[in-house]
Amino acid sequence: MASAARSMSAPALMVALALLALAGGGSAQLQFGFYKGKCNASDVEAVVQGLVKARFARENPIVAYLLRLQFHECAVNGCDGGLLIDGPGTEKTAGPNLSVKGYDLIATIKAELEKRCPGVVSCSDIEILATRDAVALAGGQPYAVRTGRRDRRRSVASDVKLPGAEYTAAQAVAYYSRLGMNAYDTVVLLGAHTVGATHCSAIKSSRLYRYGGKPGATDPGMDPATASVYKKYVCPNVSSSDGNAVFLDDQWSAVKVDNHYYRNLQLRRGVLSVDQNLYNDVSTKPIVDQLAGNNGMFLSAFGKVLVKLSEVNVLTGTQGEIRKVCNKFN
């Protein structure tokens, strides 16, 4: 490598370095404390943290809303604010995004920052900062994020391609590899299901009443006692139960960021097929066992993988725009 560099002319070397920078994406231009001194007398990150803390005190499921919002945002064209845009045919209107929540908190934070320093803080940075602060409030390990993202002028429903609730472990790992994740990162990121809930409609056919397409069949991979409780009390086999909430972790832990999700997988109590499949696959099972046995390891890894997710395909510098409001382009 060194001899090749010495043989290259100075102009050619400069071009090669520029191409390398472009290949690395905009994340190379993100910075810790990017907004320091740029919002008059206000500390941008402190403002975000204060508003998230106030919301969390009233509605602690906000941590699940924001984690889902960040994933659905960053997995489609990168962390660019595209999911926040209103209007026909936008990302927000795609089927997987119809149940995404948390937009109002992002709008509230943006409005407050616009009062303090108009046109300075991007909506995409607000999403990442708000999620970080909510995770810490819910028991997660605090982690630092770099900022300096800008908002993309694109939001198209047909771009939305998200992983399915019935993915095998191999399919999940393949999907997340598109985002620069490896198998370990995939298992850690799905640990976001330590908080939040789904609906009975997500598991009634696939796991409780039509497993493998057979009428009346229940997934034999689900703990029988857990399946019995779901069928009898939570998700009875009637259409009116479709919208009933099913906690992705035990209810007492459903707003707490911890490794209890992995312990449930060991007991065959994973709610979605994609969750339980992590333990059913020989390649990901050891990772589940490792995280189930060490909460500190999970908390540390979870923060790191959220940072990794937050830097997928970002816009920086003069790319994109800084929106005046988050739900429409300037």
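A Cβ is built for glycine as well, from the same backbone N, Cα and C atoms used for every other residue.
In TrEMBL, annotation is done automatically, which means it is predicted and not curated.
Fair warning: this is a prediction, and the values are worked out from it, not measured in the lab.
Copied over from TrEMBL, here are the features:
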type	residues	note
ACT_SITE	HIS72	active site, proton acceptor
BINDING	VAL76, GLY78, ASP80, GLU91	Ca(2+) 1 binding site
BINDING	PRO163	substrate binding site
BINDING	HIS193	heme b binding site
BINDING	THR194, ASP250, ASP258	Ca(2+) 2 binding site
DISULFID	CYS39-CYS117	disulfide bond
DISULFID	CYS74-CYS79	disulfide bond
DISULFID	CYS123-CYS326	disulfide bond
DISULFID	CYS200-CYS235	disulfide bond
DOMAIN	29-330	domain 'Plant heme peroxidase family profile'
SIGNAL	1-28	signal peptide
SITE	ARG68	site 'Transition state stabilizer'
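Checking each of the recorded positions (HIS72, THR194, ASP258) against CYS79 (disulfide bond), the C-alpha distance stays within 10 Å for HIS72. When the alpha carbons of ARG68 (site 'Transition state stabilizer') and HIS193 (heme b binding site) are compared, the span between them is 9 angstrom.
THR194 (Ca(2+) 2 binding site) and CYS123 (disulfide bond) are 26 Å apart (CA-CA, integer value). Considering only the binding-site residues VAL76, PRO163, HIS193, ASP258, CYS235 (disulfide bond) has HIS193 as its nearest partner by CA-CA distance. With a cut-off of 8 Å between CB atoms and residues at least 6 apart in sequence, the same chain places LEU248, ASP249, SER253, LYS256, VAL257, ASP258, ASN259, HIS260, TYR261 near THR194 (Ca(2+) 2 binding site), listed in sequence order. Remark: of the recorded positions CYS39, VAL76, CYS326, the most isolated position is CYS39 (fewest other Cβ atoms within 10 Å of its Cβ). For GLU91 (Ca(2+) 1 binding site), the same-chain residues that are 6 or more apart in sequence and have a Cβ closer than 8 Å to its Cβ are VAL76, GLY82, LEU83, ILE85, ASN97, SER155, VAL156, ALA157, ASP159, VAL160.
Around CYS74 (disulfide bond), the same-chain residues at least 6 positions away in sequence with a Cβ under 8 Å from its Cβ are LEU179, LEU309, SER310, VAL312, ASN313. A gap of 27 Å separates the Cα atoms of CYS326 (disulfide bond) and HIS193 (heme b binding site). Long-range Cβ contacts of HIS72 (active site, proton acceptor) within its own chain (separation 6+, distance under 8 Å): LEU83, PRO96, ASN97, VAL100, VAL160, LEU162. Rounded to the nearest whole angstrom, the C-alpha distance between ASP80 (Ca(2+) 1 binding site) and ASP250 (Ca(2+) 2 binding site) is 33.
In this structure, the C-alpha atom of PRO163 (substrate binding site) lies 15 angstrom from that of GLY78 (Ca(2+) 1 binding site). The Cβ of PRO163 has fewer other Cβ atoms within 10 Å than any other of the binding-site residues GLY78, PRO163. Between the CA atoms of CYS117 (disulfide bond) and GLY78 (Ca(2+) 1 binding site) there is a gap of 25 Å, rounded to the nearest whole number. Listed in chain order, the residues near the Ca(2+) 1 site other than VAL76, GLY78, ASP80, GLU91 are GLU73, CYS74, ALA75, ASN77, CYS79, GLY81, GLY82, LEU83, ARG152, ARG154, SER155, ASP159, ASN313, each with its Cβ within 8 Å of the site Cβ centroid.
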